[in-house]
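**Q** Handing you a structure now.
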Amino acid sequence: MTDIATMPQPVSFGRRLKRFMADRPLIPLIILLIILVVILQVLRPGIVNERWLANTAKFAIPLAILAGCQTMTMLTGGIDLSVGTVATMSAFIMATQIVNQDPAVAFLLAMLPAVLIGLVNGIGVGVFRVHPLIMTLGTSLIGTGFLQVYQRTVIASGAKIPDFLNWLGTGVTYGFPNALLLFVPVAVLIVFMLNRTGFGRLLYAVGDNERAARLSGVRYWQVITALYVLSSLLAGITGLLYIGLIKAPSLSLAEPLVLPSVAAAVIGGTSIFGGRGGYTGTIIGALILTVLTTLLTILQMPEGGRRILFGFIVLFVTAAYLRIVEDR
Amino acid sequence: MTANPLLDATGVAKNYGAVAALRNASLSVLPGEVHALMGANGAGKSTLVKILTGAIKADAGRILIRGQQLDVRSPAAARRAGLLPVYQEPSLIPDLDVLSNLRLTGTPVEAFRAWVRELGIPDLDIRETARHIPLAILRVLDLARALAVEPDVLLLDEMTAALPANLAEKVLEVVRRQGDAGRSVIFISHRFVEISALCDRATVLRDGSTVGVVDIEPGIEERIVEMMLGARIEKTRVTARAANEVAIAGGGRPRLSVRNLQLGTKLNDVSFDLANGEVAGVFALEGQGQDELFAALAGSIRPTGGSIDVDGAPVKFSHPSDAIQAGIAYVPGDRTEALAMQRSVRENIALPFSAALRKWGPIRMRREQVVVSGAIGRLQIDTRAQGEVQRLSGGNQQKVTIARWIAANARTILCFDPTRGIDVGTKQEIYKLLRELAGQGKSVLFYTSEMEEVQRVCDRVIVIFGGRVVDTFPVEEADEPALMRAAYGLPRGAKADVGILAEVKPGSNAEAAS
């Protein structure tokens, strides 16, 4: 700072505000979320009510869990693009197997591809050092291919959505969506894991400085393999929740959620370069994206225009947010 | 000599911030001479070379080439002026074949081939990708590429390092003939043998200034060592240390026992012991294999031969976690290698606690807090900037890397140049800490490039030169001239010391024998 003449006080208000924001990165996110809700209410008075809140939560939850997968992998400097395929596979297998199988068996069959893909991702990234982007994209394509083959074999038996998943995905009890029964424990678990367990610490450490982690005795492949299996498992469970919400099994069920899940983690302040971020920000990021989608829908713009605007807003919000919280 | 110098640099200075890398360096090279450029670590050799070859710009000074003042702004400009360097690191682009690399620099291919044959490689496939060529050959190819454009001044930085003897011989022969052909060579080397066989004159740098230019003649080595040391030749008396006696009394089985350790061409037949309660220094010039020695002991790389015993039992480390299991911790010299910069002091110190698979569960926060604050208190780390380690000062960052292993209660600490680039106060604290650790029966292997640190911290010093242990001194004998000569591979006491050196020769060797 050389232009001291223009600054009568040692620390300007703007600078203090910036420091405040940098120490509490959630606050600007919450402010943004509130602003979006207020805009929505102004554009369409009365829209923000109990039903709308429950509905928003229902659609934000699957996105938030998938964004949890991205948060964890991004902390290590990776990314998991296979979450969409994994979620779709477990949903599709569940819906088709439940027709002839015991629910527990159907559930296990549904989670099997999730575990396998997670394991392959983890070994590919952790042992063979394939770039996570390529690795998870590859397994995602392979998974989609397998799903198409599988579809032929079950085409005769049809599909149905289990009642329980229906209840979990769409049901509302006392104004609260039932999906919260799944989401709250999952969110608490992820936050606890990241902050208070050895594994969580290692995710940050590996992403921040892999060499330092190695010199401290951390075996990279163990951390990465466990991480991608966990990420895939969460994605598989999200698939089951999502099929209860959408109610129409298809081969691209959860695919549209993949990139928004990355965006939610980034908006929530997790660095794609690893070592920095957390899950609470990601949850708010997922809420922001969901509200933003509603907002753009009620603007009654054509689909193309909506997408363009969505993209611009995501870019703008992320850039602005990083400027606010990075303390330079 | 009446000939005008081909290259004449005077009064060259270069500052990096407040640090003066070069104060007043001069170098004058006559046509047809092989001129050695010498100096201890940090004397400014590499800075001067970089300035001469246009890689960086000098703050002051005058550089004349053939009597004309030239402003060498870039490596390309230096090249046009007839000045060509061959650096220690191979400069061929690894993913291109040799021919493409030649085209990239516009090197005449036939001349290159001729030089390659001349240098003792008869069967080079010019279509081979550089990545697949062994390091030693790559260095020779670099030299051939430089020779092919017939530079007036060839600048060779540690040219014979990492070369097998037969290739080294050819290289030296070619360099010698280069001089006979009327071209000049600036030859940077730590090896007196080569210098006396090859060079006509030597320029000696110390602390960024040229302190002398000498003709190479028999017995000149001592003078050069003397010049490199300068005022520091006044012997600093080793202060008596109480902890020392404890160490010797400890005796018994060595904590760490290294036998005939071999690592490619980098380490050769290295053997030494590290006792409990001892700080053993490792002293070496840059790149003599000390990096590899520490990496092998830390489990980062696997030795190709020899054995390492811990507490008398043989060990084979395949990952740093194996070494940590055996109680051996490695503190790298480069702090950015050891720290997660965006994480807190606490997380950085506690990092080894979570490393093992069975420690992945919930952390007992209160116990961790106690252990971590114990280590922070012991090292007096200034934790006002708790949030992120990157906001700490360099000295405090270095303390965190050591505190981690104090907290983990490691029995042996391998410290690689831990005081590089930190303030004097923190240096003192680190010396004190290392002595305290030894006093508690722990053992420390301490590499340093600063001679005075050896006397401040170590009980014993192991000197490495060219990948071999060339000498081991008790600290009482490890005065700076003795260290310097050993580090340059000169034999101890082989001939009578001359001049000033004679006065500082330690009096008695008897009590110090180990």
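All positions are counted from 1 along the displayed chain.
Every residue, even glycine, has its Cβ placed from backbone N, Cα and C.
Caution: TrEMBL annotation is automatic and unverified by curators.
Sharing the features that TrEMBL gives for it:
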TRANSMEM  A:26-47  transmembrane segment
TRANSMEM  A:59-83  transmembrane segment
TRANSMEM  A:104-124  transmembrane segment
TRANSMEM  A:130-150  transmembrane segment
TRANSMEM  A:171-194  transmembrane segment
TRANSMEM  A:220-245  transmembrane segment
TRANSMEM  A:257-273  transmembrane segment
TRANSMEM  A:279-299  transmembrane segment
TRANSMEM  A:308-325  transmembrane segment
**Q** Could you pull out which residues elsewhere in the chain have a CB under 8 Å from any CB of the transmembrane segment (A:59-83), counting only those six or more residues past its ends?
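**A** Beyond its ends, the transmembrane segment (A:59-83) has Cβ neighbours at 117, 121, 125, 132-133, 136-137, 139-140, 143, 177, 179-180, 182-183, 186-187, 190, 194, 203-204, 206-207, 210, 223-224, 227-228, 230-232, 234-235, 237-238, 241-242, 245, 254, 257-258, 260-262, 264-266, 268, 270-279, 282-283, 285-287, 289-290, 293.
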**Q** Quick check for me: are there 3+ Cβ pairs below 8 Å between the transmembrane segment (A:104-124) and the transmembrane segment (A:220-245), leaving out pairs under 6 residues apart?
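**A** Answer yes: the transmembrane segment (A:104-124) meets the transmembrane segment (A:220-245) with 3 or more Cβ pairs below 8 Å.
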**Q** Do the transmembrane segment (A:171-194) and the transmembrane segment (A:279-299) share at least 3 Cβ pairs closer than 8 Å, excluding pairs fewer than 6 residues apart in sequence?
**A** yes
**Q** Which listed stretch (A:130-150, A:257-273, A:308-325) has the most C-beta pairs under 8 A with the transmembrane segment (A:26-47)?
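**A** Between the stretches A:130-150, A:257-273, A:308-325, A:308-325 has the largest tally.
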**Q** At a C-beta cut-off of under 8 Å, are there same-chain residues at least 6 beyond the transmembrane segment (A:279-299) that contact it? List them, or none.
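**A** Cβ under 8 Å, 6 or more out: 25-26, 29-30, 32-33, 36-37, 39-40, 43-44, 47, 56, 59-60, 63-64, 67-68, 70-71, 187, 190-191, 194, 260-261, 263-270, 306, 309-310, 313-314, 317.
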**Q** Near the transmembrane segment (A:220-245), which same-chain residues lie under 8 Å Cβ to Cβ, leaving out any that are not at least 6 residues past its ends?
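**A** Distant Cβ neighbours of the transmembrane segment (A:220-245) are 58-59, 61-62, 65-66, 68-69, 72-73, 76, 78, 80, 82-84, 86-92, 94-95, 107, 110-111, 113-115, 117-119, 121-123, 125-127, 136, 161-162, 164-170, 179, 182, 186, 199, 202-203, 206, 210, 213-214, 253-254, 257.
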